[in-house]
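Quick notes on the structure that follows.
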Amino acid sequence: PTTTTSTTTSTTTTTTITTTTTTSTTTTTTTTTTTTTTTTTTTTTTTTTTTTTTTTTTTTTTTVCPSSQSSWSQTATTIFGSQTGTSGSGLSLLNGPVGMYYDQPNDMLIVADYGNQRILKVSLINPPSAATIIAGGNGGGCNMNQFQAAVGVALDSSGQLYVTDQGCNRVVRFSSGSTSATCGTLIGNINGPNLMSINTLTGDLYVASYVNNSIYKFVGGSGSPVVAAGGNGAGSALNQLNSPDGVYYDYLYTNALYVTDQNNYRTMKFPSGSTSSTNGAVVAGGNSVGSGANQLNSPQSVVVDSNGAIYIADGSNNRIQRWLQGATSGTTIAGSGTSGTAANQLNNPIVALIDKYGNLLVVERGNNRIQLFNLTAC
């Protein structure tokens, strides 16, 4: 037998696995922050005030006065001048007064004292009181501190005084606060200037010329005058005038120009911006001369109220007429129609005005006085 010897060599491979363990040591630094919280206790004392408000609602019905229902006392009070019609040169008397302007903010009258060649300022706060001379009073003449025949007066919004001097055919302006020593500035020369009116919003000045049968306008109160109405010769056409006496520009209510057309016995109304070619409208009179309710006789001046009613000093009829807007006849609100010095009579009234209380003020050339007719009903 064959013996086979098998030798098995066993190789033992020893694999040594070296495991490297990396130990990361994380050092955590803990910062301990000690927060000290200071608690401030604020004690707020709240005082609650309970206010009881009682609201009283008053409903006021505003009556525009004067109105179509207004009336005035038929007996007047003399607030300046002689009660009996006596003329004089003292500061409590007048001599043939003509123009009059109402200074509403100061409750004053500005009066052209024709015969005394001066302009007076009269307070209405405690009448009658002595007047103050604010221009002229230095004898008759055409120097700039004199008048030959002062007729129309007006104040602008800054208190400057404007005067028409009929004797010197000129319009003169005086600074606010003027006295008898103040010299005026010539605004322009007009042939036969009469009463005047001013638009205090624009400063435009309107002057009636009875000789030229025209109404002249000084734009802004200066410069060369332009014709605002008439200027087409004496006549009765709607673009003509015949010896116009009074002029009034109503910038508050109707924005129109009103003219007392003396020798046509009528009052005319012209639209704003009128010229010599503009036709006016007859708003009172125009029915020949007379004393009827639809007639006038030498109308002197005109003013307009908030209702569009016009008030006319109807000179030779010795009365003040009110014509409501669109009316064909007027109503006598002052004067008996006969000349006299009694409290219910007038003598050649030249200017009629309404004061801020609704009272009627009238300057009488023939009686050398200013009369006040109290408003009795609105």
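In case you wondered, yes, glycine gets a Cβ from its N, Cα and C as well.
Unlike curated records, TrEMBL annotations are generated automatically.
Sequence annotations record features per position, and here TrEMBL assigns region 'Disordered' to 24-69.
Using DSSP to sort the residues of the repeat 'NHL' (141-177) gives these counts of helix, strand and coil: 0 helix, 17 strand, 20 coil. According to TrEMBL, the repeat 'NHL' annotation covers 141-177 (among others).
Counting residues per DSSP class in helix, strand and coil order gives 3 helix, 16 strand, 15 coil for the repeat 'NHL' (288-321). The repeat 'NHL' feature in TrEMBL is assigned to 288-321 (among others).
Cβ atoms under 8 Å from those of the repeat 'NHL' (141-177) belong to residues 98-101, 103, 110-114, 117-119, 134-135, 183-198, 200-201, 203, 205, 207-208, 218, 221 of the same chain, restricted to positions at least 6 beyond its ends. Cβ atoms under 8 Å from those of the repeat 'NHL' (288-321) belong to residues 64, 66-68, 195, 245-248, 250, 252-254, 258-262, 265-267, 328-339, 345-354, 360, 362 of the same chain, restricted to positions at least 6 beyond its ends. The average pLDDT computed over the repeat 'NHL' (141-177) stands at 99.
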